[in-house]
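Here the structure is laid out as structure tokens; the discussion comes afterwards.
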Amino acid sequence: MRDETAEDENWGQQFDRLPATPDERVVEARPTRTEVVEWWVERFGIDPKMFDGYTFWEKGAGKIWAFNGEVVDPIEVQGLGMRILRTRQRHWKPSTNAVQRFCRDATKNVIELSPGEATAFVAGHDQQLDWWEGDWGYLTAAHELAGEREPLGVGLYLHGELRSTVPKGRQEELVKLD
Amino acid sequence: MNPLERYAPLVDDEAAFLEACERSLPSVVRVNTIKTTVERAREALDDEGVAYEPTDWHPGILKLENSSPGTNWPYFHGWLHGQEEVSALPAIALDPQPGERIWDTCAAPGSKTTQIAAMMDDEGVLIGNDNNLGRLSALRHNAERLGVTNLVVSNQDARNFSMKPFGERTPDKSGSFEQFDRVLVDAPCSCEGTCRKNPDVLDEWTMNHVASVAGIQKGILRRAVQVTKPGGTVVYSTCTFAPEENEAVLDFVLEREDCEIVAWDVPDGFETAPGITEWEDDEYDSSVTNARRVYPHQNDTGGFFTAKLEVNA
């Protein structure tokens, strides 16, 4: 049961707003709004203004949600905006939906896939892509669609291999793609 | 009995009505403007050789000629969402604006909810509520695939929807609110209007179900009016032809809550019929004629009912 008095507990059934800065932090190890925005800026080179209207929330340990509006803190609901990031682990992991939503204009760590590679990626296959000369770790995988680059999802690049992290529920939607 | 025969006397052309109800519906998608533009979505479909035809009343609603949605790149990217053509009407009547607070009372699986989010430019507070936890996961999945970030997913019985989670009792707290600018009640119903997609609804239809679901509809619509600001908008919609679930529900709520039924602008090129004021032994308030009925033969769609209410100041 929830202890109403224990404000420093990270309770899994409610959303708690991230503190703006470390000075305002009450719950230990909870990331701050600044850290979350800076992570996206540093990792993908996106414009921080993209998050100006957003509030950031934690539900359960480390799961960060972005909401484009204002509600009371804390709030007990089933969902609040979009799950964008998994924190409280050594390498923070962005979500497929967040990368699709926020990384269209990313300037860093975007791996552009050929049509065949893109199809394999969204089907959930890991691929040997030795030609990538950028960073290891979580990348935005993208391909060209209707004349522009469009993000597909998150790939984990390690030792020359791009691992697809496209969730099963999204893969199924492409079974009949060819 | 076949419930369609019950409603045939309401329509201008019984034969056309019954004949249209027999035909299956084309696969229709709505372009999700949170993630792309209508132009780019069409270009992506063209590039993949997916044949489609824009509807003549809404540029972002496309009829696919052969394939079903879910099998092409623009669908994977959340640029398209499979949605019955006629079900785009309630969000149009609701006319949501960016930054507003809006409640979708019976939101899952989220076609109309995500359409509302797009019309809000994905800004503000949109509460997508459903009493069925299983259906809520479909709402969440659809909303995230479509890139919606202004949605609060809530699991309450809409008839006694509590504003407490949103700070009703702590009005001084940042972000708290106790009333909505607009509410959509897309109510559970007998669904004969979906018979072109799911003919089973006709076999399962019973008068008992009409009576019990009408009680639920009245409860939800009353609550919707109660939590809407003076001057705010409530839209009531169903996919049934039953007057007991449409005009009778409006009439019931008009008598008990401070609101009125107002006219709304149906898109040009989309044919509708007015709500009816008499059915069997009952008479309804004359303002129910502001509601719009949609019969399948009028626009080659499913059947539908949409009314717009204004909460009195």
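Quick reminder: no glycine exception, Cβ is built from N, Cα and C everywhere.
Heads up, TrEMBL stuff is auto-annotated, nobody curated it.
B:Cys239 (active site, nucleophile) falls within neither a helix nor a strand when secondary structure is assigned with DSSP, and so counts as coil. Around B:Cys239 (active site, nucleophile), the C-beta neighbours below 8 angstroms that are at least 6 residues distant in the chain are B:Val86, B:Ser87, B:Cys189, B:Cys191, B:Glu192, B:Gly193, B:Thr194, B:Gly302, B:Gly303, B:Phe304, B:Phe305. The active site, nucleophile annotation in TrEMBL covers B:Cys239.
Cβ neighbour count for B:Gly110 (S-adenosyl-L-methionine binding site) (all protein chains, 10 Å cutoff from its Cβ): 28. According to TrEMBL, the feature S-adenosyl-L-methionine binding site maps to B:Cys106, B:Ala107, B:Ala108, B:Pro109, B:Gly110, B:Ser111, B:Lys112, B:Asp130, B:Asp157, B:Asp186.
TrEMBL lists B:17-312 with the feature domain 'SAM-dependent MTase RsmB/NOP-type'.
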| message | Please report the three-state DSSP label of B:Lys112 (S-adenosyl-L-methionine binding site). | response | helix
| note | Rounded mean pLDDT within the domain 'SAM-dependent MTase RsmB/NOP-type' (B:17-312) lands at 96
| Surrounding CB atoms that lie within 10 Å of the CB of B:Ala108 (S-adenosyl-L-methionine binding site), all protein chains | 23
